[in-house]
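Trainee: Taken from Swiss-Prot, the feature domain 'ATP-grasp' covers 109-324, and the record attributes it to sequence analysis. Taken from Swiss-Prot, the feature ATP binding site covers 140-202, and the record attributes it to sequence analysis. If you look up Swiss-Prot, you'll see GLN282, GLU294 marked as Mn(2+) 1 binding site, on the strength of sequence analysis. According to Swiss-Prot, the Mg(2+) 1 binding site annotation covers GLN282, GLU294, on the basis of sequence analysis. For GLU294, ASN296, the entry in Swiss-Prot reads Mn(2+) 2 binding site. The annotation Mg(2+) 2 binding site is assigned in Swiss-Prot to GLU294, ASN296.
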Amino acid sequence: MKVLLIGGGAREHAIAMALKKNELVELYTLMKNKNPGIYAISDEVSFNSETDVPAIKEFAEKIKPELAVIGPEAPLGVGAADLLIEMGIPTVGPKKLPAQIETSKEFMRNLFKKYEIDGSLRYAAFNEYGNDLETFIDEMTSLGKDVVVKPAGLTGGKGVKVVGEQLKDNEEAKIYAKEVFDKSIGGGNIIIEEKLVGVEFTLHGFVDGENIVFMPAVQDHPHAYNNDEGPITGGMGSYSCPNHGLPFLSAEMLDRAEKIMEKTVSSINSEVGPYNGFLYGQFMLTADGPKIIEYNARFGDPEAMNLLPILKTDFLDVCFAIAEGKLDKINLEFENKATVCKYVVPNGYPIDPVRNKELTVDEKAIENADAILFYASINEKNGKLYITGSRSAAVVGISENIEEAEKIAQMAIENFKGEVYYRSDIGTLGLIKKRIERVKQLAK
């Protein structure tokens, strides 16, 4: 069974490992850098940019895969799924138009407005800097609301800036908005949104064009440093619970979040056609219930590393069901285990990361700790590993409870040597209790 995988990060390493649990799978990977984890379990690799559509076509024509799985968002934005589907290859990953749920924040917000989907918020879209933009921010200020400035297109998770975090106040938000236009960050268009106050969580679903089947809820930790301090990153780690919920998330709030995603899928279908792939909803649990921060048209990273290792159902079967519209025929099961994921990242990340420095990894010690190792933005050259400037590698601990899973992950994360750092508090009971208290305060 030949499977084409596009992408070379930790998320794709998790996807590759999940696919290879089926002994019939022959894995053919197209990726930019030599990710040693993916390389080791691939039958053949094509080293090309994941957005190089002609290279994707050439590789697919050569290997003739029976299934394709697209990992990152960038290939979706340039129509990689459209190409593969046109070639007659069952593909996991939405076509370019449905993928706008991630690639165009304006499309996403307008969809919520048009179809009256719950969980929306105040926003406005702008294609130039001017009085209208300033007036909207001033109106938000008069309402006592801070704002979030979001470039409308893809920025690798690093273009969004929030008042009270990266921005001092709404006046500084105007300055950053002008910078986005001047530098054409994320394509140059902008969404200004009200800042949500609450606790974040993520919810993933497998989507087959009509049906959505949910995975366990996960909490990501985007801040760079312990105690949720420092700049926003692509995610420093995450955890999930044995009951597939989260300690601060009631069954009612989880159900509301699921209904928001269900209506989103049907609305995408009505607006631009069926969505076949992974869908990741980033939510804020507020005093008014769950609100959607944004959607991703793929697995979250790091969340994929929490979810895929505890998937009991054959992932190959799930992927075919997604591509062929047959998820209603699949009995989706996850283990009732806790997971904790922790990332090591380059010193200076995400602002000014060191690059091309050697990273030493004691794989045997990580294995002895009963953790799972996932390589991310790593390039292997002449038998040595080099960091490339983004998140480097992650470890995952899995156990009967959060406390034990965190101990496993922490023991494993200490086996990296190089110019890297990590957050030691992810999955700790102290940090989780802070989330619980925060939600209690919101309810008052």
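Including glycine, each Cβ sits where the backbone N, Cα and C put it.
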Trainee: Can you tell me whether DSSP puts VAL180 (ATP binding site) in helix, strand or coil?
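Mentor: In the DSSP reduction, VAL180 (ATP binding site) maps to helix.
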Trainee: DSSP three-state call for LEU196 (ATP binding site): helix, strand or coil?
Mentor: coil
Trainee: Using DSSP and collapsing to three states, where does GLY188 (ATP binding site) fall: helix, strand or coil?
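Mentor: SS state of GLY188 (ATP binding site) = coil.
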Trainee: Tell me the Cβ neighbour count for GLU172 (ATP binding site), meaning other Cβ atoms within 10 Å of its Cβ, over all protein chains shown.
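Mentor: Step by step: centre on the Cβ of GLU172 (ATP binding site), count other Cβ atoms within 10 Å, giving 14.
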Trainee: Can you tell which of GLN282, ASN296 has the most other C-beta atoms within 10 Å, given these are the binding-site residues?
Mentor: ASN296
Trainee: Which of the binding-site residues GLN282, GLU294, ASN296 has its Cα nearest to the Cα of GLU172 (ATP binding site)?
Mentor: GLU294
Trainee: Compute the average pLDDT of the predicted model within the domain 'ATP-grasp' (109-324).
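Mentor: Here the mean pLDDT over the domain 'ATP-grasp' (109-324) amounts to 94.
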Trainee: What is the nearest of the binding-site residues GLN282, GLU294, ASN296 to MET140 (ATP binding site), using the Cα of each?
Mentor: GLU294
Trainee: Between GLN282 (Mn(2+) 1 binding site) and ASN296 (Mn(2+) 2 binding site), how many Å separate their Cα atoms?
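Mentor: Between the alpha carbons of GLN282 (Mn(2+) 1 binding site) and ASN296 (Mn(2+) 2 binding site) there are 8 Å.
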Trainee: Sorry to bug you, but what's the C-alpha spacing from GLU294 (Mn(2+) 1 binding site) to LEU196 (ATP binding site), rounded to the closest Å?
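Mentor: Here the two Cα atoms are 12 Å apart.
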Trainee: Using Cβ atoms only, which residues of the same chain lie under 8 Å from GLU294 (Mn(2+) 1 binding site) while being at least 6 residues apart in sequence?
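Mentor: Those within reach of GLU294 (Mn(2+) 1 binding site), by Cβ under 8 Å and sequence separation of 6 or more, are GLU102, LYS105, MET108, LYS150, GLN282.
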Trainee: With H, G and I counted as helix, E and B as strand and the rest as coil, say where DSSP puts GLU294 (Mn(2+) 1 binding site).
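Mentor: Assignment for GLU294 (Mn(2+) 1 binding site) reads strand.
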Trainee: Please report the Cα separation of GLY164 (ATP binding site) and ASN296 (Mn(2+) 2 binding site) in Å, rounded to an integer.
Mentor: 24
